[in-house]
Amino acid sequence: MPERRTVALVTLGCARNEVDSEELAGRLEADGWQLVEDAEDADVAVVNTCGFVEAAKKDSVDALLEANDLKGHGRTQAVVAVGCMAERYGKELAEALPEADGVLGFDDYTNISDRLQTILNGGIHAAHTPRDRRKLLPISPAERQSAGADVALPGHGAPEGLPEDLPEGLAPESGPRAPLRRRLDGSPVASVKLASGCDRRCSFCAIPSFRGSFISRRPSDVLGETRWLAEQGVKEVMLVSENNTSYGKDLGDIRLLETLLPELAEVDGIERVRVSYLQPAEMRPGLIDVLTSTPKIAPYFDLSFQHSAPDVLRAMRRFGDTDRFLELLDTIRSKAPQAGVRSNFIVGFPGETEADLAELERFLTGARLDAIGVFGYSDEEGTEAATYGHKLDEDVVAARLARVSRLAEELVAQRAEERVGETVHVLVESIDDEEGAVGRAEHQAPETDGQVLFTSGEGLTVGRMVEAKVVGTEGVDLVAEPLPGSLVCTEEAGR
């Protein structure tokens with residue numbers, strides 16, 4: 001009988017990383033590894049790192065060091081780094097952090113079981129030398145689908161040579177290109193990867209260099225994975241990628257998302273479909289119409305504004321201004337008055353003036369956003385912005401970050417108060433003795449946004465869609481009272 005091998009996956013960063021972790025979990029379980037929840041109970045602790053900004057990289061290093069500490073007094077024998085930080089730095093990370101017994105890039109994912117076994121046996125798998133993954137796919141989007149078969153794209157394709165009899169609950173059951181995937185929690189919400197990579201050239205962002213050029217998954221693959229997730233009890237799927245508004249451009253149809261969304265909404269068992277990561281400059285009337293008028297599609301707009309002062313946006317290699325952004329929001333709300341909108345912003349960008357900051361504050365005040373993320377600028381190596389002059393002192397960036405963060409906190413609390421009296425459709429996500437029943441309405445995405453606190457959990461169950469009336473707020477969170485007969489009909493859920 002083969003020796004029992006255990007592995008734990010520790011996931012940091014965004015929802016895309018969560019999908020990648022479930023792919024790794026699926027590959028490992030298919031090859032006989034036993035998944036455990038806690039790293040201290042695992043032979044190998046795999047840390048799926050984030051390489052987005054400095055704070056995220058620090059969190060990733062801390063998680064690796066914490067896992068390494070387990071080797072002295074527990075079952076853990078090896079610690080392995082995967083994910084964006086591992087891909088971005090490769091050999092450099094391995095040399096700087098000897099506590100990690102292995103640093104694996106995206107090209108290692110299809111052979112993750114063999115890689116971990118080698119490391120567990122005391123062997124060494126040489127870390128890769130990082131390369132610009134944008135160069136792995138053709139410049140022309142039309143040529144990428146055929147070339148993509150030879151490029152590692154986490155979350156896109158099934159590995160070769162899988163055993164015919166996969167363990168129960170392990171994808172794919174719904175098509176040859178659905179990714180091998182094992183859910184790591186019992187949440188009624190799951191992310192589905194719509195695409196990978198990004199063709200935008202924002203001057204502050206390094207993500208395209210290690211995630212590559214934009215490439216869409218085929219609609220049949222996305223539908224197949226969504227059906228499988230519904231069979232696992234998922235009620236809400238959130239479509240993720242670096243830029244969902246570009247979906248289909250490499251498949252010959254830039255409006256493919258408008259066609260796909262109604263099909264996803266018709267999947268049996270799915271109560272809500274949410275779209276994240278939308279670019280304001282790529283929004284189009286047809287997409288707004290589908291997002292605001294299709295049953296079971298959340299009227300939710302995760303718009304990447306980043307700033308609103310024209311000079312700063314130009315330096316960021318982005319487009320728009322305060323008035324155009326406000327006009328976009330007016331268009332959305334004219335079609336769906338209760339639509340949810342969230343965005344992230346960078347303050348202290350090189351060359352940002354007090355007038356620029358005031359313009360951003362004007363936009364934030366007028367935008368009535370439901371959730372706001374604010375980040376202070378810091379150089380990211382390999383980016384155009386890192387070469388800019390006119391850098392602001394760190395204390396100036398910190399002061400502006402604190403100033404805009406305070407304003408953002410006030411504004412999202414005000415926006416929550418505006419929702420008092422509204423009727424919302426809430427997916428119940430957890431029920432416990434301490435917090436009671438908690439869920440999320442259409443305008444609230446997992447992790448990043450607020451939530452709904454029910455006044456009573458009586459009769460509620462996790463995964464149930466409930467109609468409730470907002471009766472109060474706690475900061476950005478809503479307090480809501482379930483309405484009598486509040487099980488929402490699936491045809492109405494999401495509207």
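Sequential numbering from 1, following the chain as shown.
The backbone N, Cα and C atoms fix where each Cβ goes, glycine too.
Straight from Swiss-Prot, the features:
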DOMAIN    5-121  domain 'MTTase N-terminal'
BINDING   Cys14, Cys50, Cys84  [4Fe-4S] cluster 1 binding site
REGION    145-183  region 'Disordered'
DOMAIN    184-415  domain 'Radical SAM core'
BINDING   Cys198, Cys202, Cys205  [4Fe-4S] cluster 2 binding site
DOMAIN    417-484  domain 'TRAM'
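Feature annotations (Swiss-Prot) mapped to structure.
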{"residue": "Cys14", "record": "[4Fe-4S] cluster 1 binding site", "DSSP class": "coil"}
{"residue": "Cys50", "record": "[4Fe-4S] cluster 1 binding site", "DSSP class": "coil"}
{"residue": "Cys84", "record": "[4Fe-4S] cluster 1 binding site", "DSSP class": "helix"}
{"residue": "Cys198", "record": "[4Fe-4S] cluster 2 binding site", "DSSP class": "coil"}
{"residue": "Cys205", "record": "[4Fe-4S] cluster 2 binding site", "DSSP class": "coil"}
So which of the binding-site residues is most packed in, judged by how many other Cβ atoms lie within 10 Å of its Cβ, out of Cys14, Cys50, Cys84, Cys198, Cys205?
Cys84
When you measure from the Cβ of Cys202 ([4Fe-4S] cluster 2 binding site), how many other Cβ atoms are you left with inside 10 Å?
20
For the recorded [4Fe-4S] cluster 2 site, whose residues are Cys198, Cys202, Cys205, find every other residue on that chain with a C-beta no more than 8 angstroms from the centre of their C-beta atoms, and list them by sequence position.
Arg200, Arg201, Phe204, Ala206, Ile207, Pro208, Glu242
Determine, to the nearest whole angstrom, how far the Cα atom of Cys50 ([4Fe-4S] cluster 1 binding site) is from the Cα atom of Cys202 ([4Fe-4S] cluster 2 binding site).
19
Just to verify a number: CA distance, Cys14 ([4Fe-4S] cluster 1 binding site) to Cys205 ([4Fe-4S] cluster 2 binding site), in angstrom, no decimals.
15
Other than Cys14, Cys50, Cys84, which residues of the same chain sit close to [4Fe-4S] cluster 1? List them in sequence order, counting a residue when its Cβ is within 8 Å of the Cβ centroid of the site.
Leu12, Gly13, Arg16, Asn17, Thr49, Gly51, Phe52, Ala56, Gly83, Met85
